[in-house]
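Accompanying notes for the structure given below.
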Amino acid sequence: MALPLSTWPWENLGVFKYVLYGPLLAKVIYSREWEDVTRSSWCLHILIICALRGLVHQLWYSYSNMLFLTRDRLICRQGVGFKQIDREWDWDNFLILQAFIASMACYSFPSLANLPLWNSKGYIIALLLHIAVSEPLYYWIHKLLHSDYLFTHYHSLHHASEVPQSFTAGHATLLEHLILSVLIGIPIVGTSMLGFGSTILIYSYVLMFDFLRCLGHSNVEVIPNGIYEAFPLLRYLLYTPTYHSLHHKEMNTNFCLFMPLYDALGNTLNTKSWPLHKEKSSGKNGRIPEFVFLAHVVDMTAALHAPFVLRSFSSTAFRTRFFLIIMWPGSFLVMLVMWVLSKTFLISHYYLRDRLHQTWAVPRFGFQYFLPFATDGINKLIEEAILRADRIGVKVISLAALNKNEALNGGGTLFVKKHPNLKVRVCHGNTLTAAVILHELPHDVKEVFLTGATSKLGRAIALYLCQRKVRVLMLTLSKERFQSIQKEAPKECHSFLVQVTKYQAAQNCKTWIVGKWITHREQSWAPPGTHFHQFVVPSILPFRRDCTYGELAAMKLPDDVQGLGSCEYSMDRGVVHACHAGGVIHFLEGWTHHEVGAIDVDRIDLVWKAALKHGLRPV
């Protein structure tokens, strides 16, 4: 049984907990329609402050996870995993709690609901109360929370997060946030009771309180060491993210709220604080990745699935949601800016067996890859990314779907031929993609219908299957391209490759492998019970209710992956596209060849066995 004040009363309500803001909103609407608006202004102020406080936490999260800006100043480099994200899912419970407390305060002290807009003297009083009362009181209570009993039953929840984030600041028990509510309230209520309170003071104090809490938990050192060297006393008046990270790491030092002065007075100041701050603020803490997956943006809405936008969204598989429509105009503006100014940038990372794997993104959206005038620019961006990876010491760089388009750069061949002395291995990963698709097929399959049959993947799938005596109906209008593939097969297997030119030819075949987007009309030729395997981007729409649809080729990363906290587009947690996984295998196996151009059919089984050997699993 949970101890008193260790859990939240509304923790089982899920998203319905936000209904608890309803009475405040109802009061605002009712007063605007039937009463004097000023009578409910305090309700409106509480709702606005709660929204702004949530925005402060979100903006700090977004900034600290823009790795292309912060990677060299990260304090803990591990990355935020799914377990921590789920644990902190309801980080904003304290906003509901403090909205209730603020409402009770306004009812109990009517003067709080009728404060002037501005009173400059109030800032001095509030600052004095914060320094003289809130800071030492927090320091003493915080030390007490680290005693065995209270830490085990209350404060350990906050410290369970391995990588501090702005949302970690709000992740604590009900008891701790009741204490923080008192600490925030002392300067506000005290100043108001003395007659110097103001509306702007409440806004600025509460938001600054949250700002500094998020600063300490941001996991990015943002305060230059030069400031503290120029003004040594300042280091006792304002803590840094590095300073607070030591508390999360070692826990028996650095207990202060925002002012290390009280740790100095209480003899709990960690002696590593200043040297470590100097090191982390230097901007020279980056680690060289050993594997890079070079991705691209799919479309306007998928861009909002980036890890630094909304953590609750990016940590689940991408699905079209209503709120994306509201955010679409912003995404469109970002697309225009990226088109003009941006270069390839770091978007996420994770660790596999203590090896750093990163995902870089080419700042181009899917539709741009099909604009004839944009191809040279895209190839230039990909080439620059490969050369940068080569320069810094990356072992393998794997190209995502459109970055290895055959018409764009020959599946990466263009770059390898242009730069024959590359140390980094360029990999399209399609060998594993083919292996995943082929191992999804029923073992007793005798006939398949293949669209996109003369593409790189289609060719490899057809050649692999015909050698195993599976009849392949290859949909293509080009007799020349069909015959070219047929000639690659052993003579005794030629009869298993059959050219067809219409979808009607597959009306009795229940195994379709789709490498080209097909419409509802084209799908209608499949017999009931057909399963659509696919390697087409974007995925085909599931029009047929009497058929089943496979997902894009993918594999689940090994269980020992660390710091992975975002989903790769529409993939589930821990699952990556097969071309990504193919690059990982290329790196783990230490293969020294480039995997570009046509797929080597003879290596399909070899790559599949290597994937299973290293702990990757089919989905």
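The backbone N, Cα and C atoms fix where each Cβ goes, glycine too.
TrEMBL lists 128-268 with the feature domain 'Fatty acid hydroxylase'. Residues annotated as domain 'Very-long-chain aldehyde decarbonylase CER1-like C-terminal' in TrEMBL: 448-618. If you look up TrEMBL, you'll see 12-30, 42-61, 95-115, 122-141, 178-203, 322-341 marked as transmembrane segment.
The predicted model assigns the domain 'Fatty acid hydroxylase' (128-268) a mean pLDDT of 97.
A contact between the transmembrane segment (178-203) and the transmembrane segment (42-61) is present, since 3 or more of their C-beta pairs, 6 or more residues apart, lie under 8 Å. Sorting each residue of the domain 'Fatty acid hydroxylase' (128-268) by its DSSP state yields 99 helix, 1 strand, 41 coil. Among residues of the same chain six or more beyond the transmembrane segment (95-115), those with a C-beta under 8 A of the stretch's C-beta atoms are 8, 10, 17-18, 20-21, 24, 41-43, 46-47, 49-50, 53-54, 170, 174, 177-178, 181, 184-185, 189, 192-193, 197-199, 202.
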